[in-house]
Amino acid sequence: MTDADTSHLPHWLEQGGLCARWMALDGGDMSGLGIALPQVLERAVAKRQGEYRAGRTCARAAIDQVSPTSFALDKTDWPIFGPDRAPVWPTGIIGSLTHSPARVICVAGPADRYDGLGIDIEPAVPPRDSLTLAPRIFCPEELALVEPTSWAEAGFTLIFSAKEAIYKAVYPTIRRFADFHEVRLAEVSGDDLQFELMPEMSSDLGQQKTLQVRATWWQGHVLTFCARPGAA
C-alpha cells in the first residue's frame, strides 16, 4: 500500500470534522513515498525512516480532507518537528500520529473545534509481560475496573494506550511531559472510558476534572482516541 487509506477505521474517527488515514508499514525506509527526511533522521535506521514517511503521507491526506483548499499549494511535509521534537501542525489544523511496528495512523481536525487530539495503537501485551511495568502505569484499582469487562484480557494495554492518547491530547495545552499517574481510570462503559484528572493535570487544564477516551480493537491492536473540544 502506497496511499493513505481510510478503510476499516472506526467511524468515530470521521465525525465532528475529523479525518483519519492509515498505512501499513513494511519495515523498510518507504522512500517510494517521496517524503524528504529531516536532518535528524537522515542516519536513522530504515524502519524509523519508514515510520516518518508513512506518518507524513497519512497526515497530508488527512489535512487535505479537513481543509481541501487551504493547503493545496503547501508542499510542507506536516507535521514538522518543534523545538521539543513534538509535532507542529499547520495553522488551523490540530492532529495526532501513532504507529506500531505494522501500522501508522494520523487523525486531524480543525483547530477552532479542538484544543487537542490524541490517538494511540498498541499490540496487546501478554499479562505475564506486564507485571513489572504495571505499577508505573496505573494503580490496582484502575485495573479492577477493567477486569469485569470485555477488555479484561487486554487490561494493561488498554489503560496504557488510553493514557498515551490522553497525554498526546493535552500536550498542546500543558507543554510538558506528564506522568502516567496524573490521570486515573474512573469508569469503563463498553468501549468508553472516563479518566479522573489528578490535581496537577487538572490545574494545567483550567480545573477540568475528567477526560473521555474511546477504545476499540483494530487490526490486532488496541486503538484509543481522546479528543478535547475547544471552548464554545
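Just so it is clear, glycine is given a Cβ too, placed from its N, Cα and C backbone atoms.
From a predicted model like this one, the values you see are computed outputs, not experimental measurements.
Annotation comment: TrEMBL describes 40-108 as domain '4'-phosphopantetheinyl transferase N-terminal'.
Per TrEMBL, CoA binding site is recorded for ARG48, ARG56, THR98, HIS99, ASP120, GLU164, LYS168. All chains included, 23 other C-beta atoms sit within 10 angstroms of the C-beta of LYS168 (CoA binding site).
Per TrEMBL, the feature domain '4'-phosphopantetheinyl transferase' maps to 116-225. Residue counts for the domain '4'-phosphopantetheinyl transferase' (116-225) under DSSP, split into helix (H, G, I), strand (E, B) and coil, are 47 helix, 35 strand, 28 coil.
According to TrEMBL, the Mg(2+) binding site annotation covers ASP120, ILE121, GLU122. Around ASP120 (CoA binding site), the same-chain residues six or more apart in sequence whose CB sits under 8 Å from its CB are THR98, SER161, ALA162, GLU164, ALA165, LYS168, LEU223, THR224, PHE225, listed in sequence order.
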Message = Check the DSSP secondary structure of THR98 (CoA binding site), expressed as helix, strand or coil.
response = strand
Inquiry  = Give me the count of other Cβ atoms within 10 A of the Cβ belonging to ARG48 (CoA binding site).
reply    = 14
Query = By DSSP, what is the split of the domain '4'-phosphopantetheinyl transferase N-terminal' (40-108) into helix, strand and coil residues?
reply = 23 helix, 17 strand, 29 coil
Query = Closest to ILE121 (Mg(2+) binding site): which of the binding-site residues ARG48, ARG56, HIS99, going by Cα position?
reply = HIS99
Shortest C-alpha distance to GLU122 (Mg(2+) binding site) - which of the binding-site residues ARG48, ARG56, HIS99 = HIS99
Query = What average pLDDT does the predicted model assign to the domain '4'-phosphopantetheinyl transferase' (116-225)?
reply = 95
